[in-house]
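Asks: Before I ask anything, here is the structure I am working with.
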């Protein structure tokens, strides 16, 4: 059985930064270090950080006044930010800079009194944070749509003063269809200068298309609550390739590969390489060949840590 390995795969720059922020905070400060929501959507990563002292909570009221809290990579609403300031919390913001870019876009549309349309998945923390960045005091409204049917039912205040943004981890193909529907219904709608779907999401979706074109089965390493990982599985399935989303190698079933000559492996942007290697090892234990890594776009994006976490340890407290 041939094994193909997608490239790029796994951690993106935003995830690297978010995990590094928690790690640095754990090194520099006395516990407890609170993290609002899973810092990234991966069970292995969250469990590892929790074992080293991070305390994960869902809401800010679970964090005692005056404590250290880290906001997850998905971002938070302005109300959460304001509450943290009111309660004298020391905040390290692990929001991905590409999510922050969308927050800035939304805030500008609100400031201009426009309506905004957010393309995204209801209930996802990134969507909740972005919706919460829209200030209604200037007369505008923000609307959430997930698909073309939502666009068909959408009613806005002024179709001539309307803009859209998107969640960063969506399917590129699905989003393109929703944007087309918006432009058809609202010809004057404004959009971002550069696509809001992040570079890592785009690159991993392109890579899984390549993978699915070669393989009978595709394994996506990622947690069930990871938006970008789910989109990878769905994309492989749309290319008529059987696909499974797995947290780790223990979730694999040997029967999936009965009579299979080729299998592909990729990973969502919040899945660490160690989990990918465990999957590859299990496939080889079941008779797979040495993995062949496919060519792909080389990623060299990096994001800086907050200034307070870049100060050399020898200067902390001076």
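Counting starts with 1 at the first residue shown.
In case you wondered, yes, glycine gets a Cβ from its N, Cα and C as well.
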Asks: Taking Swiss-Prot at its word that 41, 74, 226, 227, 228, 270 bind dimethylallyl diphosphate, choose the one of 61, 103, 124 listed for that site.
Replies: 124
Asks: In three-state terms from DSSP, label residue 168 ((2E)-4-hydroxy-3-methylbut-2-enyl diphosphate binding site) for me.
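Replies: It is coil.
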Asks: List every residue in the same chain as residue 126 (active site, proton donor), at least 6 positions away in sequence, whose Cβ is under 8 Å from its Cβ.
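Replies: The list for residue 126 (active site, proton donor) reads 74, 75, 99, 120, 167, 168, 169, 227, given in order along the sequence.
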Asks: Can you list, in sequence order, the residues of the same chain other than 41, 74, 124, 226, 227, 228, 270 whose CB lies within 8 Å of the CB centroid of the dimethylallyl diphosphate site?
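Replies: Checked against the 8 Å cutoff, the neighbours are 40, 126, 169, 225, 229, 268, 269.
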Asks: Give me the Cα-Cα distance between residue 270 ((2E)-4-hydroxy-3-methylbut-2-enyl diphosphate binding site) and residue 96 ([4Fe-4S] cluster binding site), rounded to a whole Å.
Replies: 12
Asks: Starting from residue 226 ((2E)-4-hydroxy-3-methylbut-2-enyl diphosphate binding site), work out which of the binding-site residues listed here (12, 96, 198) have their Cα within 10 Å, and give them in sequence order.
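Replies: Those close enough: none at all.
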Asks: Given the binding-site residues 41, 74, 124, which one's Cβ is surrounded by the fewest other Cβ atoms within 10 Å?
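Replies: Comparing Cβ neighbours within 10 Å for the binding-site residues 41, 74, 124, 124 has the fewest.
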Asks: Of the binding-site residues listed here (41, 124, 228), which is spatially closest to residue 198 ([4Fe-4S] cluster binding site) when Cα positions are compared?
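Replies: So, spelling it out, the nearest of the binding-site residues is 228.
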